[in-house]
Amino acid sequence: MKMQNQSSVVEFILLGFSNFPELQEQLFGAFLVVCLVTLMGNAIIIIVISLEQSLHVPLYLFLQNLSVVDMGMSAVIMPVMLVIFSTEKMRISILGCLVQMYFILTLGVTECFLLGVMAFDRFAAICHPLSYPMIMNKMVFMQLLTFSWISGITVATVQTTWVFSFPFCGSNEINHISCETPAVLELACADTFLFEIYAFTGTLLTVIVPFSLILLSYIRILFAILKMPSTTGKQKAFSTCASHLTSVTLFYGTASMTYLQPKSGYSPETKKLTSLAYSLLTPLLNPLIYSLRNSEMKRALMKIWQRKVALHTF
């Protein structure tokens, strides 16, 4: 009987915001705009950094990878959400749900570590400017970048495999906007206590290790900036750090609320909203934060635009 019940769940139903059917059309329009702006903004950053030789330095190459992660997160979650808003619910196969969870975890963990190594890069550049080329040489850059991506892939592989090893023999309705781990786990009809301990500990480490690196880096950066004699130097150092700090606050604040909250800490609707902020707001705002607050990015964008105009003119 148990095996029959388990085999009966061949797909899940994502409920999204089906409690508010009157808002579905407005939500569809709003999130379609968010999706297009997110993809376009991050694509511009990737293209500008690829085309502008002066930006081929660790700071902007890390930023380029951050934009790849943000585009990926949007591409994994947004199409599913748009289908939910147009139909109120969405059927998704177990394999489709597994794939979505895998990419959400891979990209989320990778972004955690990318933000950490970007803070270390700023620390090396501001606190040790003369030895910066040796500290952040090509090999170190590649090792940090590879470590960030491998961390994401490893965590996602272990966690996704473990979640989908549980039997799903009860309700198949996921009261969420995507196949995130906490929402799917609620449907498992098995003892998930050990997994929950692992997931909480793993998430804590994934958040705390990069965040500690960020915190220590910025404490050292702050002392270094305060010792600078020139006001211009201080302003330049602050401006290069401000964008990164804004991204860190946005990402870690919303991700922690999504993955470190108690199982019954918030209502399902609140959980959906925090998940939206973590998975969609950060990818949307990162291109604006880094392009509007960064003079080198704006100069590079202008140079590329002027070259394009010149080619069309002649």
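Glycine is treated like the rest: Cβ placed from N, Cα and C.
When Cβ-Cβ distances below 8 Å are used as the criterion, the transmembrane segment (27-49) is approached by residues 17, 55-56, 60-61, 63-64, 67-68, 70-71, 74-75, 78-79, 81-82, 85-86, 280, 283-284, 286-288, 290-291, 297, 300-301, 304 of the same chain, each at least six residues removed from its ends. What TrEMBL records for 27-49 (among others) is transmembrane segment.
Per TrEMBL, domain 'G-protein coupled receptors family 1 profile' is recorded for 41-290.
Under the heading transmembrane segment, TrEMBL lists 61-86 (among others).
Taken from TrEMBL, the feature transmembrane segment applies to 92-120 (among others).
Same-chain residues lying 6 or more positions outside the transmembrane segment (140-158) and placing a CB less than 8 Å from one of its CB atoms are 58, 61-62, 65, 101-103, 105-111, 113-114, 116-117, 120, 202, 206. Here TrEMBL flags 140-158 (among others) as transmembrane segment.
Marked as transmembrane segment by TrEMBL: 197-225 (among others).
Look at TrEMBL and you will find 237-255 (among others) tagged as transmembrane segment.
Residues or ranges marked as transmembrane segment by TrEMBL: 275-292 (among others).
For the domain 'G-protein coupled receptors family 1 profile' (41-290), the model's average pLDDT works out to 87. Sequence-distant neighbours of the transmembrane segment (92-120) (same chain, 6+ residues past either end, Cβ-Cβ under 8 Å): 9-14, 59, 62-63, 65-66, 69-70, 72-73, 76-77, 80, 144-145, 147-149, 151-153, 155-157, 159-160, 163-164, 168, 174, 178-181, 184, 206-207, 209-211, 213-214, 217-218, 244, 247-248, 251-252, 255, 278-279, 282.
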